[in-house]
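Taken from TrEMBL, the feature transmembrane segment applies to 25-47, 59-78, 98-120, 140-164, 204-225, 237-260, 272-289. Sequence annotations record features per position, and here TrEMBL assigns domain 'G-protein coupled receptors family 1 profile' to 41-287.
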Amino acid sequence: EAPGNFSRVTKFILLGFSDRRELQVLFFTFFFLIYTMVLLGNLLIIVTVRTETKLSSPMYFLLCHLSFIDMCCSSVTSPRMLVDLLSQRKTIAFEACIAQLFFLHFVGASEMFLLTVMAYDRYAAICKPLHYTAIMSRRVCWALVSACWAGGFLHSIVHTLLIVQLPFCGPNTINNYFCDVPLVIQLACTDLNRPKQLIASNSGLISVGCFLWLVISYIFILVTIRVRYTEGYWKAFSTCASHVTVVTLFFGPCILIYLYPSSTFTSNKHICMIYTVFSPLLNPLIYSLRNKEMKESMWKWWKRCRV
């Protein structure tokens, strides 16, 4: 029993995208294709890096982990969304909602931290070339990746403990296709000022801090290339610009949603699509297919598989 004379909510209703059957079938086809491309694209990167010995540098080691996280991030929300698109009643148990929320923030925060590590790796490689092998040794890489996962877990467990302690006795309708902190806490039967402050200080500030670190790292990289090298600046600028564009698409929605968890912001499903659906698809395209060495390795692996 929740505080008062109200019974505790045992399940939530996810409104999804549309109630119209024909639109649901269209959405299912579209998102199923995207999810399949996310899995295949990131799996191809992982297999290529693992099988090609020349892709043993820290950059590819980190890229392999980014692909794994992207697969996990998309798998937390997409399968449930696809099932609901073909279901008449889109309900999710309270425990399943909390689990989805936990794993989404676990892998999402881990990806934020990993992207900052990847930016630091590129900064060390370009701005500190003589010390790069010592700065980014294999032991250091494993330590940084482990720290990313640990940071993601600590970030997520704070949100999860916050949610499970709140009383839910009123409405149980979530205007989204998955459970997320800002919309779930709005259904709690209690004062929400302190929970919202915790969300802003936890998720919001982490998003802003990681994004600023990324941008500053790329600025240092561009300045270093401009000063030290006479050629290749515009190619490096194009690469950095594409990376910044992708991370902006990932961090921008997170900053908007979690830094300002306003009660009047009743639906963010279209914004959430950017970092839960499209960002895991763009990462392999930008970080891999623009890389000549990666493309050559993929082609070699593909030819070996056909033999």
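Backbone N, Cα and C define each Cβ position, glycine as well.
Proximity of the transmembrane segment (140-164) to the transmembrane segment (237-260) is not established, fewer than 3 Cβ-Cβ distances being under 8 Å for residue pairs spaced 6 or more apart. Outside the transmembrane segment (204-225), and at least 6 residues removed from its termini, the chain residues within Cβ reach (under 8 Å) are 109, 112-113, 115-116, 119-120, 122-123, 126-127, 155, 232-233, 236-237, 240, 243-244, 247-248, 251, 254-255, 258-261.
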